[in-house]
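Take a look at the structure below.
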């Protein structure tokens, strides 16, 4: 059946209604640790743009479709190039994300700061560093005024690619670099274990914001990943002295219209903990048979090797997936995580998706991951 403009409007509205319902459920479950924000809801609306799966429905001209799209989003009080972000952040290919820029041109929409950010994010999430740099330079020469958000995206892109010196030079080009820019660069140092640059950046950040929790946590994890346990102890002591507390790693999974919450290391608070742990143990055994090996570099504590393995097995997303498998919920398993998924869990989930022959969708703090048949949509770049 051929899609109509009215059908598109209805589908978009239906999707957004579902999104807000899920937002209310999930944020209510977060309790004291988290607050619902307009940004969170907006991010979900961007994802549901994926329901509009092709740029222009077959048999329709862009000018015919545009009114229904504008009407739907005007009614919602939102406008902007959400399709670019959805393609880049969700499950589609980089080419689809970037080609959607052409769709906006066809619809007569003018590029703005959101368009620029969406294109840069699509390049960043896909590892298209050279292309991202070219876009950035062309945008700098254009009419759009670039903000710290655009620079932060570029710093993250360069930093994740290991081009730390270039990223630092870019930060220094900003008239008033904020904490986000410096923290973004510090996070890249943690990924590439550049302790020397990280310590220099930490001093700069703490000069701007004494007791900055994000910088201290990043440094503690960096020291742990490089085996500098004495420095880890020092950092944790400083954090205790400042009464800083790291946010716990948490995951949420929807099963039969109910949201279930799991926290890393919390094995017994769930009423079905016994069944969850039995299922998890079975999944780990099956995963090991087809190549899963624990990545102990993801453990930021000084402990015995066997204890590190147990710690990795207790990550929140593993518990959430085990619960969904035990409940034998049909269709895809959908997980929401408040932090970036670690390398170990990413490898484990890829293998488990093949073992259980089901798609697992995980939205972490960085992007969407669609795990299917042993691979991930991010192509191991996140």
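Just so it is clear, glycine is given a Cβ too, placed from its N, Cα and C backbone atoms.
Marked as domain 'NYN' by TrEMBL: 44-106.
Using DSSP to sort the residues of the repeat 'PPR' (147-181) gives these counts of helix, strand and coil: 26 helix, 0 strand, 9 coil. The repeat 'PPR' annotation in TrEMBL covers 147-181.
Annotation source TrEMBL lists domain 'DYW' at 291-382. Note: the domain 'DYW' (291-382) comprises 38 helix, 16 strand, 38 coil (DSSP; helix = H, G, I, strand = E, B).
Residues 113, 116-117, 120-121, 123-124, 127, 129, 132-133, 136, 139, 187-189, 191-192, 194, 197, 205, 208-209, 212, 381 of the same chain lie 6 or more positions beyond the ends of the repeat 'PPR' (147-181) yet place their CB under 8 Å from a CB of it. Summarising model confidence by region, the domain 'NYN' (44-106) averages a pLDDT of 43.
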